[in-house]
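Residues or ranges marked as active site, tele-phosphohistidine intermediate in Swiss-Prot: 460. The active site, proton donor annotation in Swiss-Prot covers 836. Here Swiss-Prot flags 97 as ATP binding site, drawing on sequence analysis. The Mg(2+) binding site feature in Swiss-Prot is assigned to 750, 774. Annotation source Swiss-Prot lists phosphothreonine at 458, citing similarity to another entry. Annotation source Swiss-Prot lists region 'N-terminal' at 1-348. Positions annotated as region 'Linker 1' by Swiss-Prot: 349-405. Residues or ranges marked as region 'Central' by Swiss-Prot: 406-503. The region 'Linker 2' annotation in Swiss-Prot covers 504-538. Per Swiss-Prot, region 'C-terminal' is recorded for 539-880.
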């Protein structure tokens, strides 16, 4: 078996920072600090290989491990001049800490002051001349060992401790006496015996039990949950770091604390942190005492109280940051005015701090732009783009669903789009529905947030909300709506229309009442790092947008064009929907043409507004795609209004609606099939688009950059048929206006057959745009609106590694995309390639699109900054 124990300390180290995989983060950091000659407590690291062996061999150690451990302790005794378990001279006490290869703060176990018993406690008191300190250390050991190794509930120790303080009329820990500590220790021992039938006094037995406890903690519930949430492998295992104890609880010249080399909240370049005098590390973490700042303008700071130690800590912090070239999180102890560094690691930080620090370090010439970009978590930019809940206030949610669209919103509950529109004039509203449909668009538009009982991360509500930049929570199966009573039920809680709730689209949590919110910020540093991303990336980022507001937001966030304009979204405007319904219900082509002619000028103005804002940036307009039933009324009141407006009997409306019913409309009469069977619809749209282009050119001297896209192709014959229709209309308009139009023609590749037939299809078009939402649906045979009913189980059982509608399935859907690219390029070398599904805003999927040599991705406006960073990171990682 490989070497299991690596030494570190004042005499150097067996390891270094590059050995993270076997020494863990903490052990590698201690080894590196030893090599930098920094003051650290001497010790050794037991490698992650022991953890893996332990779990593979029925929780047993390798044969020679105990001998190696005793040799390591002997070496530590020589180095420190202290004896482990000594009852006559200065005894060696140990700390035993976990150390995963990936930082998992607070998830695994630690034992301090190990090696204590009655005789060792007396020897320690004699050696330092401080019995109160020795007893305090013994008390701490019994509590930590009892709760960690023996699984005694920690609150039982806390109760004993607090009861003794109350009986002695003592309220501050600093006033505790030797006599009181002796009573507390006696009760702690009795608690050990009650749970374990014995008191473990042998230091080596304590050490072996502590090592096992740390190994067991690798698979405790909180560690398992943390790894799942953060995608950390179970196979890494944990290292164990064993060090001589240094004591921050020796009196007024001793302390413990945590320091950051820069502010983890803002990134400001100054030492930031807290410390406690006469304390050990768990006192800061537990919150039982209020720590003091390291730097402050008053006498309670370390800078004022311990100026020499503060100066040394500042120098070490600077040295560590310059060595690791990143902000550091440093744990330290001060023993009788001597500073010891216990740990350094890359510090966690907010999104704004990450950006500010990255920009600062480039300007300080510590790192390159590429390194700066790799420091940014693309998803963390959601913090900058959306309002979020201030969780520091300690809040309790009433329910939880899927985090479908980030941001937080507070408002009164409404149950219909009509009520949302009516009440939004005077209140912020949260639209609560079983699910949403395109008909709800106006209600969604005026709502501050959207909550649906059904649906997943790519449901209609989720997709539209992300496009609008509105918070949305979907799939809240622990909520129910009683539509007759107009109430929302969460367990025993009944929420009526008009009651206030808060939703968090970033976590999926729902709260009763108004929660404290933090407003978003977008700094100059944020803009600068996004500019660096654009300099580096080869993959362009466009927006999915069809309104002027969408387009303006997209430009603000750096979109290089519109990659998907869903023209049908324009039809849901309240001024247009009656005409659209009239066109659909019309019993003959003459009446349909009449309705289309009324729609024509309205569509023309829509397109003019979009082209005007985009100013010659590419605008990719998809012709009408969804099935027509989505535009039709669902309530009796709306059906009556439609009948009256068309001067038709209500029975005929019902008859037409029944005739248009489809069992599976998403695979039915939609997309290019509509354009072929009802060519007058596409002809109206084409006339509106090209008329808008001509009028902007002639009247406003604005040139447009049109890309025209045909949806849901499965057969090259469909392209040929629609291409003929399109060019007939364009040629007629060119003659009418005496103007030559310039545009490119493309198609969506969103059906497996289209991907397989792409060689033929590519000959007829200028570009492909991969519609990965429908391509995923039709490849898997899974409805994105219904996946929420089984996805959690599939993820838990590892049937799916991730939600295929969030992260692109590279093996199945990805292979179809690669086939389409290869075959398409073989017949059309100049074929341009884009992607416009929800995956186009997902960093992992963007890495795939970069590798596949796409020209652009197109995502919802509020995903654009995330996509820009992810595109640059993909280029940096893949080196091309």
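Note: Cβ is positioned from N, Cα and C throughout, glycine not excepted.
A gap of 11 Å separates the Cα atoms of the residue listed as 'active site, proton donor' and residue 774 (Mg(2+) binding site). Averaged across the region 'Linker 2' (504-538), pLDDT in this predicted model comes to 92.
When the recorded positions 97, 460 are scored by other C-beta atoms within 10 Å, 97 scores highest. In the three-state DSSP scheme, residue 97 (ATP binding site) is classed as strand. Around residue 836 (active site, proton donor), taking its Cβ as the centre, 28 other Cβ atoms fall within 10 Å, counting all chains.
For the binding-site residues given as 750, 774, the lowest number of other CB atoms within 10 Å of the residue's CB is seen at 774. The helix, strand and coil residue counts that DSSP assigns across the region 'Central' (406-503) are 25 helix, 34 strand, 39 coil. Taking DSSP states H, G and I as helix and E and B as strand, the region 'Linker 2' (504-538) has 13 helix, 7 strand, 15 coil. Assigned with DSSP, the residues of the region 'Linker 1' (349-405) fall into helix, strand and coil as follows: 30 helix, 8 strand, 19 coil. The two recorded residues the residue listed as 'ATP binding site' and residue 460 (active site, tele-phosphohistidine intermediate) have their Cα atoms spaced 48 Å from each other.
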